[in-house]
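Handing you this structure, nothing more for now.
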Amino acid sequence: MAAKLWTFLLGFGLSWVWPASAHRKLLVLLLDGFRSDYISEDALASLPGFREIVNRGVKVDYLTPDFPSLSYPNYYTLMTGRHCEVHQMIGNYMWDPRTNKSFDIGVNRDSLMPLWWNGSEPLWITLMKARRKVYMYYWPGCEVEILGVRPTYCLEYKTVPTDINFANAVSDALDSLKSGRADLAAIYHERIDVEGHHYGPSSPQRKDALRAVDTVLKYMIQWIQDRGLQQDLNVILFSDHGMTDIFWMDKVIELSNYISLDDLQQVKDRGPVVSLWPVPGKHSEIYHKLRTVEHMTVYEKESIPNRFYYKKGKFVSPLTLVADEGWFIAESREMLPFWMNSTGKREGWQRGWHGYDNELMDMRGIFLAIGPDFKSNFRAAPIRSVDVYNIMCHVAGITPLPNNGSWSRVVCMLKGQTSSAPPTPLNSCALVLILLLYFV
């Protein structure tokens, strides 16, 4: 009954009901690791593709990701409008002690199990259930059967897509939307994130990756015109999180210096957020030893701050470690996640990372939109990753499922909307009546 009531109240208390618009086609671009200041006013001067989208569309000040500010949790938050503790995708690495199964950033076979994905229904599954057609390119999870459904087409992620892969995906997506083979096309591109990790968020390599994306966007605008899609297609671009500098030389917290690793049943992830499962009888000892460690905070599950919307997740560990910005947690220096490169030397050290407190400035992402349903040359106030789902549902013309997003934060972006206030919710009498009918 409690779960049923939560689902009901989520729908009526945390999201608003409005009539779906007459749907147009929708192209969604997820640009991983794209920090909000990468397209500051100064940066836009040398980014003609992004500049044209901003001048002809909507740009929010920044997008605050869900906690933890990692990829998989926010992939699902963006596509469900729900916090991590609701949709259950709480990390890039997860462990289920009941089944002894692991989710390891989507690369191991067990990551494809419905166990991890069926906690909520993402937009592409809702559209498929409504007999819409969905084409997805390199999108993490598009290869998974979720709630018994798969997208119309999935070009599965195998390795980091190249700039040519990205350009080809955009071109093919536009062809699919034009021909009627697709109603929604969604493309994932990772190179900005990869270069930010390897070389740092301010590095020339990361800036080169951004310029390559900008070139594709410039072509995309022309391709939309060439296909006559200007009045039939909305395009939404967003990122999952930002990126900050890390310094492995002097900002690493080695757990082996404070506890015996033999006292841990399981450790998941390294970096800003690390999950620990102590062996039976060792929880209190490990907790008290780690409480004194500087530059990080150790939380027992029930004491995780409510503002993270994290602790109710069923895969959350008994102990969660959260590092201060720029610090990195690992079992030892030997276990740091070096990246493979041609030298095999210290150039393999990572220079950038994310996953920290989601309210930190460097964790902020982007949101841009352009098309017939969006205002032109409009700057919007900051939004949160849970808000993106509602705007996608609206322009796709489908009623959103119950979610944690705020309609009032996004309605201002739409043409013909003069007020930022959400539609009027059901009055209290009607709500009581529905509750009686629903639960009696």
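Cβ atoms are placed via backbone N, Cα and C, with glycine included.
The structure displayed is predicted, hence computed values, not measured ones.
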Per Swiss-Prot, which of Cys84, Cys154 is disulfide-bonded to Cys142?
Cys154
Given that Swiss-Prot annotates Asp193, His197 as Zn(2+) 2-binding, name the residue from His23, His354, His394 that shares the site.
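Of the residues offered, the record points to His354.
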I need the neighbours of the Zn(2+) 1 site defined by Asp32, Ser71, Asp240, His241. Which other residues of that chain put their C-beta within 8 angstroms of the C-beta centroid, in sequence order?
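Same chain, not in Asp32, Ser71, Asp240, His241, Cβ within 8 Å: Leu30, Gly33, Pro65, Ser69, Leu70, Asn74, Tyr75, Asp193, Ser239, His354, Gly365.
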Determine the minimum-neighbour residue: among Asp32, Asp240, listed as binding-site residues, which Cβ has the fewest other Cβ atoms within 10 angstroms?
Asp32
Starting from the Cβ of His241 (Zn(2+) 1 binding site), draw a 10 Å sphere and report how many other Cβ atoms land inside it.
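Counting Cβ neighbours of His241 (Zn(2+) 1 binding site) within 10 Å gives 29.
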Measuring Cα to Cα, how many angstrom lie between Asp32 (Zn(2+) 1 binding site) and Ser71 (active site, nucleophile)?
8
I need the most crowded of these disulfide-bonded residues: Cys142, Cys154. Count other C-beta atoms within 10 angstroms of each C-beta and give me the top one.
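It comes out as Cys142.
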For Cys154 (disulfide bond), what is the secondary structure state per DSSP, taken as helix, strand or coil?
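DSSP call for Cys154 (disulfide bond): strand.
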